[in-house]
Amino acid sequence: MVKRSYNQTPIKAQDPEVRSHNFNEVVLGYSLDEGRLEASRCLQCKNHPCMLHCPVMIDIPGFIKKIEDGDMDGARKIIAKYSNLGAICGRVCPQEKQCEMACTLGRSKKFEPVAIGKLERLVSDWDLDNPEPVKVIPHDKGRVAVVGSGPSGLTVAGDLAVKGYEVTVFEALSTPGGVLIYGIPEFRLPKATVKKEIDRIRDLGVKIETDVVIGKTITMSELVDDFDACYVGVGAGAPHFMSIPGTNLMGVYSSSEYLTRINLMHSYKFPTYDTPIEPAKQVVVIGGGNVAMDSARSAMRLGAENVSVIYRRSLEELPARIEEYHHSVEEGIQYHWLTNPVAYLGDENGQLTGVKCIKMELGEPDESGRRRPVPIAGSEFIIPATTAIEAIGQGANRVMLDTYPDLKTNKWGYVDANEETCATSVPGVFAGGDIVTGAATVILAMGAGKIAAKEIDEYITNKTAKKTSHSA
Amino acid sequence: MFKVTAYERLTTNEYQLWIDAPRIAARAKPGQFVIIRMDETGERIPLTICETNPKDGQIRIIFQVIGKSTAELAEFKTGSELLDVVGPLGTPTAIKNYGTVLLVGGGVGIAALYPTVKGLKQAGNRVITVLGAKSKDILILRDECAKYSDELILMTDDGSIGRKGLVTEAMEDVFNREQIDQAWAVGPGIMMRFCTQVATKHDVPVYVSLNPIMIDGTGMCGCCRVTVDNHIRFACVDGPEFLGAGVDWDSFMQRMRQYRVQEKQAFEQYEQLRQVQ
Ligand SMILES: Cc1cc2nc3c(=O)[nH]c(=O)nc-3n(C[C@H](O)[C@H](O)[C@H](O)COP(=O)(O)OP(=O)(O)OC[C@H]3O[C@@H](n4cnc5c(N)ncnc54)[C@H](O)[C@@H]3O)c2cc1C
Ligand SMILES: Cc1cc2nc3c(=O)[nH]c(=O)nc-3n(C[C@H](O)[C@H](O)[C@H](O)COP(=O)(O)OP(=O)(O)OC[C@H]3O[C@@H](n4cnc5c(N)ncnc54)[C@H](O)[C@@H]3O)c2cc1C
Ligand code: SF4
Ligand code: SF4
Ligand code: FES
Ligand SMILES: [Mg+2]
């Protein structure tokens with residue numbers, strides 16, 4: 001056997017010079033041969049620590065072995081047992097903090113971990129290009145309503161359809177997919193890929209009704225009455241603002257608005273698409289998560305002269321995926337560490353001209369255990385800016401919750417659900433994903449969907465059994 | 001797809017559509033709106049639900065052509081289909097019996113005011129309505145508002161119908177004459193701002209209907225934020241109606257202009273294309 005290479009098999013990516021001017025996907029994916037080469041680095045560990053660190057426990061050595069053997073059909077069958085959205089998770093999962101972090105190979109000093117995510121993507125992309133004929137099964141076990149078509153709702157829907165339920169997904173926006181469609185940009189997650197994954201869930205017989213806002217178009221109580229069970233996966237996309245002076249100046253955006261304009265509404269193709277966006281010139285992004293990275297890198301692609309990210313802590317605390325941070329630096333994005341904005345400055349027309357900031361230093365650790373940033377008196381300075389994007393976090397989507405007080409929420413405004421069963425305060429109503437956990441990850445939202453599908457199946461089966469025994 | 005079932009040109013620049021949207025028609029209340037996207041490349045534009053016909057599943061909208069999307073919508077004749085119509089969005093008007101109410105509408109804002117006029121009358125209020133427009137031929141919904149008003153006052157810039165002058169003058173007269181328990185003003189920003197000043201001077205609470213630029217209409221983007229009583233509120237879910245006295249009018253009116261350059265470019269390009277065709 002050839003000697004294992006220390007490093008991961010290189011993957012093709014667009015050159016930073018080129019890609020910072022287009023919205024096409026950055027990472028291009030492995031070829032089958034490259035995939036087999038990378039798969040051969042796997043040690044096939046008996047205790048498979050990688051698997052234990054995947055939130056949905058994909059049989060990682062199993063599918064990697066199939067790739068190595070050149071058996072793509074076998075590989076896809078293994079992944080399909082655990083995940084409905086492999087092409088998405090393979091791209092956007094924080095692998096370095098999950099499966100790849102635990103990889104035995106990567107834990108030895110000299111070696112990089114097996115590129116598990118990229119291999120998963122290879123299999124799932126191949127699967128989308130070589131679809132298996134779908135078995136149409138009767139949907140006679142009951143009717144389930146799913147509110148929200150993000151990764152969580154889609155997973156519940158797909159799994160329940162396979163189990164024999166008639167499932168209708170209601171989505172407020174015009175296009176299903178949740179954050180996968182309106183938040184995560186094309187250059188990280190091509191919308192064509194998301195669409196293919198969703199079409200596959202439709203092929204299972206799931207009905208997706210867009211332009212339906214539950215709580216407005218149809219009430220939650222109506223759904224509870226009409227369906228045997230409901231799943232709430234409405235997400236946590238509502239933007240927080242720092243509410244510093246000047247927030248209403250033109251040029252100040254929430255990341256949700258900035259990314260929605262670009263991704264859902266395609267404003268980067270204005271005027272072919274009608275939704276406008278301000279031309280990016282001098283752009284400041286506030287925050288340090290994936291959402292901040294996505295906003296900064298999108299602004300760059302809109303032709304900005306310069307883009308800087310201001311973050312109140314330092315690189316070590318940056319919550320964004322490290323791969324995304326490196327990509328952003330390669331694309332020319334600058335960072336102001338230990339910096340916080342205090343006011344937006346504008347001209348007489350109300351257009352943003354700059355962001356007034358203050359330098360911070362790290363003080364005592366706070367509740368989260370991270371050292372709390374404190375402002376340094378007298379260190380204010382101004383960053384000239386025509387666009388400022390706040391990416392400081394999101395809260396619960398409230399449209400439905402506000403009209404359905406029966407559903408108990410916790411002190412942060414998220415749905416109070418049992419994380420082991422997804423059950424809520426209302427019998428027959430289950431919930432999961434960001435609306436329960438607060439802004440988290442695609443794979444966790446999907447994991448909750450998997451659990452909920454199992455629990456809903458049990459719930460309806462028991463209910464039906466009771467009914468039949470009563471009537472007997 | 002949502003079918004246009006009736007199309008009418010009301011004035012030179014204002015149009016009316018009835019749209020087949022049974023779920024929305026069944027639920028819409030005064031003060032609520034829909035967001036329409038005409039086709040795949042279209043933007044999302046909010047329009048007030050002017051009336052519903054729940055029996056036939058129809059909603060009525062009235063709009064003024066002011067830019068590319070409204071110009072394109074005016075081309076949607078009977079039988080055409082709109083890709084997306086979502087609603088009813090926003091918090092409904094607080095309809096109840098206040099006693100005597102004063103409702104003021106200007107321009108195309110009258111379309112948004114009309115369901116409130118009707119609702120308040122049906123709730124048992126004594127309704128005084130003031131409608132304003134540049135001239136008689138562009139004053140919409142006159143007869144319909146009259147039907148649900150105990151008193152209807154018309155104001156035009158040129159005096160071609162009713163009195164010559166601004167709606168605020170009629171408001172002053174009414175406030176000086178009798179006790180008003182609650183007022184509404186719906187129209188251009190500048191009109192609502194002055195109406196708020198007049199009502200506040202007379203200690204009458206006044207609701208205004210804020211129409212900032214919107215995208216999703218579900219509270220998810222923050223584009224529609226307005227500052228009311230020094231707090232950021234989202235007009236699409238917390239509004240569109242707010243008590244006028246608390247509104248930060250300067251920033252509200254500023255933000256309406258955010259995309260003027262792009263809007264002009266889009267409209268010019270659209271008109272050029274139409275000329276070619
Ligand atoms: C910009 C950005 C980048 C991200 N990057 C990553 C990443 O790289 N990796 C990662 O793992 N995670 C990432 N995340 C987080 C991840 O996208 C979310 O955790 C995940 O999408 C949550 O899924 P969900 O199904 O719970 O909700 P969502 O994806 O938020 O979907 C909820 C859906 O419900 C709909 N809805 C809401 N209310 C109603 C209603 N009343 N009626 C009908 N429909 C309704 C919404 O319109 C939406 O479509 C990112 C998030 C953002 C915003
Ligand atoms: C809650 C609400 C209810 C409304 N009801 C009505 C109505 O019943 N009848 C009616 O004629 N108009 C109504 N409007 C205004 C209508 O939405 C705008 O006139 C329309 O979007 C303009 O589109 P355009 O492309 O033709 O014009 P543009 O040239 O693009 O814009 C003209 C002006 O309209 C405003 N505008 C632009 N895009 C939007 C947007 N996405 N959302 C809101 N405002 C925008 C801006 O101030 C802009 O300067 C309402 C707006 C809101 C927010
Ligand atoms: S789903 Fe995520 S954590 Fe699980 S194997 Fe795939 S990339 Fe790793
Ligand atoms: S831990 Fe790493 S080397 Fe071991 S089975 Fe998992 S992927 Fe392969
Ligand atoms: S339009 Fe997006 S939050 Fe109101
Ligand atoms: Mg427009």
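Every residue gets a Cβ built from N, Cα and C, even glycine.
Here is what TrEMBL records for this protein:
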BINDING   B:Ile62, B:Phe63, B:Gln64  FAD binding site
BINDING   B:Cys221, B:Cys224, B:Cys236  [2Fe-2S] cluster binding site
DOMAIN    B:1-95  domain 'FAD-binding FR-type'
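Listed in sequence order, B:Pro46, B:Leu89, B:Gly90, B:Met214, B:Asp216, B:Gly217, B:Thr218, B:Gly219, B:Cys224 are the same-chain residues at least 6 apart in sequence whose CB falls under 8 Å from the CB of B:Cys236 ([2Fe-2S] cluster binding site).
Proximity to chain A (CB-CB distance below 8 Å) holds for B:Cys221 among the binding-site residues B:Phe63, B:Gln64, B:Cys221.
Separating the Cα atoms of B:Phe63 (FAD binding site) and B:Cys221 ([2Fe-2S] cluster binding site) is a whole-number distance of 24 Å. Helix, strand and coil counts under DSSP for the domain 'FAD-binding FR-type' (B:1-95) come to 12 helix, 42 strand, 41 coil. Checking the binding-site residues B:Ile62, B:Phe63, B:Cys221 for a CB within less than 6 Å of any atom of ligand 5 leaves B:Cys221, listed in sequence order. A Cα-Cα distance of 26 Å separates B:Cys221 ([2Fe-2S] cluster binding site) from B:Gln64 (FAD binding site). Sequence-distant neighbours of B:Ile62 (FAD binding site): residues of the same chain at least 6 apart with a C-beta under 8 Å from its C-beta are B:Leu10, B:Glu14, B:Tyr15, B:Gln16, B:Thr48, B:Cys50, B:Val108, B:Ala111, B:Ile140, B:Leu141. Taking the centroid of the Cβ atoms of B:Ile62, B:Phe63, B:Gln64 as the FAD site, the other same-chain residues with Cβ within 8 Å of it are B:Leu10, B:Glu14, B:Tyr15, B:Gln16, B:Leu47, B:Ile61, B:Val65, B:Thr70, B:Val108, B:Ala111. Around the Cβ of B:Cys221 ([2Fe-2S] cluster binding site), the number of neighbouring Cβ atoms within 10 Å comes to 27.
Ligand 2 lies under 6 Å from the Cβ of the following binding-site residues, listed in sequence order from B:Phe63, B:Gln64, B:Cys236: B:Phe63, B:Gln64.
Fewest other C-beta atoms within 10 Å: among the binding-site residues B:Phe63, B:Gln64, B:Cys224, that description fits B:Gln64.
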